[in-house]
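J.: Would you mind keeping the following structure in view while I ask a few things?
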Amino acid sequence: MKEIAVTIDDKNVIASVSESFHGVAFDASLFSPKGLWSFVDITSPKLFKLLEGLSPGYFRVGGTFANWLFFDLDENNKWKDYWAFKDKTPETATITRRWLFRKQNNLKKETFDDLVKLTKGSKMRLLFDLNAEVRTGYEIGKKMTSTWDSSEAEKLFKYCVSKGYGDNIDWELGNEPDHTSAHNLTEKQVGEDFKALHKVLEKYPTLNKGSLVGPDVGWMGVSYVKGLADGAGDHVTAFTLHQYYFDGNTSDVSTYLDATYFKKLQQLFDKVKDVLKNSPHKDKPLWLGETSSGYNSGTKDVSDRYVSGFLTLDKLGLSAANNVKVVIRQTIYNGYYGLLDKNTLEPNPDYWLMHVHNSLVGNTVFKVDVSDPTNKARVYAQCTKTNSKHTQSRYYKGSLTIFALNVGDEDVTLKIDQYSGKKIYSYILTPEGGQLTSQKVLLNGKELKLVSDQLPELNADESKTSFTLSPKTFGFFVVSDANVEACKK
């Protein structure tokens, strides 16, 4: 048994995250004829219930294909209006292939209607990514010559107004311009594009009330955050980052347990703060607009298993501690990192982890000091969510939720003297049979599963008198009589 001293400064609030902290991503490639849309029923009552288990939150429709997504095309559309290449240079060929591959990416009105119904019915907000790669004035081999073509977006905006949509829709423009742009967009262009989008949205007051976020870039594209701040900082609600720890194709179980990866996320946050340190928009909120464990769709038989939860839980805690307002998980289904099985909609372990977190953890965040030089025990503390309908126990204001993970090889007891003798409600998540690659997760020894397609009640273990975690497990501890002043508000 290893004892680790933990101090929680519950007198000082270090951050406050959004009530809609959790989000899930839906890849726009599913709208493609070659995508998986035919296998996905977004009108399923089961899906409504599962999304409600993460609400209030964001349902993001985005990804690389969003860059090329068109709205309700008819048979007479002429693609050449957007592209008129005359030469046959390698650059032309590359861009043309990308265009031909994506040009069939067409969002039907009926599908958009279903997306609005899904998000409203599950108490989520629809975050919709517009097609930044549809441009005019582009010349091969030149930068800074093209401008975003807003005509497709305006078709969608006009349709939203005609249907009375808008009260639960937020907007993005483009996906990873630092990585997937066929136009080699510059930071300045991205800023100008967002300024243009804001101007268009001003014509539609019912739509302009929603958030406008971007630029949706990863580690290598942090300079685009500065470009957006400089070009359209007054018009965006938040800066969005994409974050993955490693290449899912070259990773295994040991990668997901490697404590050295925990610091990668903090390095990203620090890098963004440094880039914006002299900007008048340095205090603009940050979101993780798309994030998971490994890029390239995750790791087969790992990303959708219990072991993926260590990085997931640490990300939720560390993001909140850095005042990151929203964390959007890639992806609801599809790839190896899907939260749900795309055929049955049965939840994978990370869904259950996020659901428990969403049911127990409030938005007020406190500083935590952990005396563990190995970094294998990670601990976070936030006010308890007191209005959850999914927990058997009902908690009062003043309660504190401590959540922790242990990737080490021995039992760990968190020595938190300030809460010694307090009542502890434990929610410990473990894999079935102790197998880290199990797709079944147990809550206090009982399997978490749907009951007639309904979410089960989350029952606490009230017998524990210490904050203890077995090797390679994670869990939540609610201190119901912590009497934290900041949690009484």
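A Cβ is built for glycine as well, from the same backbone N, Cα and C atoms used for every other residue.
Residues or ranges marked as active site, proton donor by Swiss-Prot: E176. Annotated active site, nucleophile per Swiss-Prot: E290, in sequence order, evidence recorded as sequence analysis.
Help me understand the surroundings of these features in the structure.
T.: For E176 (active site, proton donor), the number of other Cβ atoms no farther than 10 Å from its own Cβ, over all displayed protein chains, is 23. DSSP assigns E176 (active site, proton donor) to coil, not to a helix or a strand.
Under a cutoff of 8 A between CB atoms, and with a sequence separation of 6+ in the same chain, the neighbours of E290 (active site, nucleophile) are A25, R60, G62, G63, N175, D216, T240, H242, Q243, I328, Q330.
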